[in-house]
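**Student:** What Swiss-Prot shows for this protein is this:
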{"type": "TRANSMEM", "residues": "20-40", "note": "transmembrane segment"}
{"type": "TRANSMEM", "residues": "43-63", "note": "transmembrane segment"}
{"type": "TRANSMEM", "residues": "92-112", "note": "transmembrane segment"}
{"type": "TRANSMEM", "residues": "114-131", "note": "transmembrane segment"}
{"type": "TRANSMEM", "residues": "135-155", "note": "transmembrane segment"}
{"type": "TRANSMEM", "residues": "160-180", "note": "transmembrane segment"}
{"type": "TRANSMEM", "residues": "209-229", "note": "transmembrane segment"}
{"type": "TRANSMEM", "residues": "231-251", "note": "transmembrane segment"}
{"type": "TRANSMEM", "residues": "266-286", "note": "transmembrane segment"}
Amino acid sequence: MTLTQRLVHYEKLMRLDKPIGILLLLWPTLWGLWLAAEGVPRLDILLIFVLGTVLMRSAGCVVNDYADRNFDGHVERTRTRPLALGAVSTREALLLAAGLSLVAFLLIQPLNRLTIELSFVALFLAASYPFTKRFFAMPQAYLGIAFSFGIPMAFAAQTGEVPFPAWFLMGANLLWVIAYDTEYAMVDKVDDLRIGIKTSAITFGRFDVVGVVLCHMAFLAGMVAIGLLQNLGVIYYIGLATALGLILYQYRLIHDRDRARCFKAFLHNNWVGATIFAGIVLDYLVRAAS
């Protein structure tokens, strides 16, 4: 295998060719950073968190594929992943995950002690999540904690503390993660039932679509509460109203449980996150200019 071919397999293992996971992890982290900084985050902290998100999401994908290496070959969507094909060895995968995590840890060294301490929890969550699919009926909830942990870290980095709104925002985001990752799990539901993997789509059963909608609605209600806690203005709520419209469109996509349309709905959540972020940024900019 040539070096170029090996690098392509590493790229696929880290999902750099499919950045949706990075974006879904990045948006709530940016929400938290902007709210903590009241619209003016420090540039160095912003850069560290953007790069750290890319590194840790990549490491998480490598660990996920390592954990699922004996299952992925039996699932239509994942059978061509590098570990499932044997194109990358388990030793290479573990070394790659460790290297990415080390670089991410070195990246946050300029930040305060609380942020560094929280990073150990974030690392544990990212590394342990893939194994929860073997025994936990709702692994998407665990993923929600892992994918939301950039929020308290952002508050800690910017303010030196993690106040109540940070934890509340984390809880709201957890519901969003359950919603969109259930859509993702609906794509593989038949295969997961056959091989014994546990997911929220299986746990919800015939109420999977209802579960997605309820989690999305609870998420938006939580974001309304965040707006009240942070004294955000009308532009923020316009952003939330737009996000509601996007979510209603997702319901149209998933109601018949077609695999391709469920996957499209999952991808569509990027626009939900981006819209809410735009609402936060613009709200602070307008208030600063007035």
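The first residue you see is number 1, and the count goes up from there.
Keep in mind that glycine also has a Cβ here, set from the backbone N, Cα and C atoms.
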**Student:** Counting Cβ pairs closer than 8 Å, which of 114-131, 160-180, 231-251, 266-286 has the most of them with the transmembrane segment (43-63)?
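**Tutor:** Per the Cβ count, the answer is 114-131.
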**Student:** Taking the transmembrane segment (160-180) as the reference, which of 92-112, 114-131, 209-229, 231-251, 266-286 gives the largest number of Cβ pairs under 8 angstroms?
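**Tutor:** That would be 209-229.
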**Student:** Six or more residues out from either end of the transmembrane segment (92-112), which same-chain residues have a Cβ under 8 Å from its Cβ atoms?
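**Tutor:** Same-chain residues near the transmembrane segment (92-112) but 6 or more away: 10, 13-14, 44-45, 48, 51-52, 55-56, 58-59, 62-63, 65-66, 83, 119, 123, 127, 156-157, 160.
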**Student:** I need to check the long-range neighbours of the transmembrane segment (209-229): which residues 6 or more away from its ends have a CB within less than 8 Å of a CB in the stretch?
**Tutor:** 35, 164-165, 168-169, 171-173, 175-176, 178-179, 182-183, 200, 236-237, 240, 243-244, 247, 250-251, 254-255, 257, 276
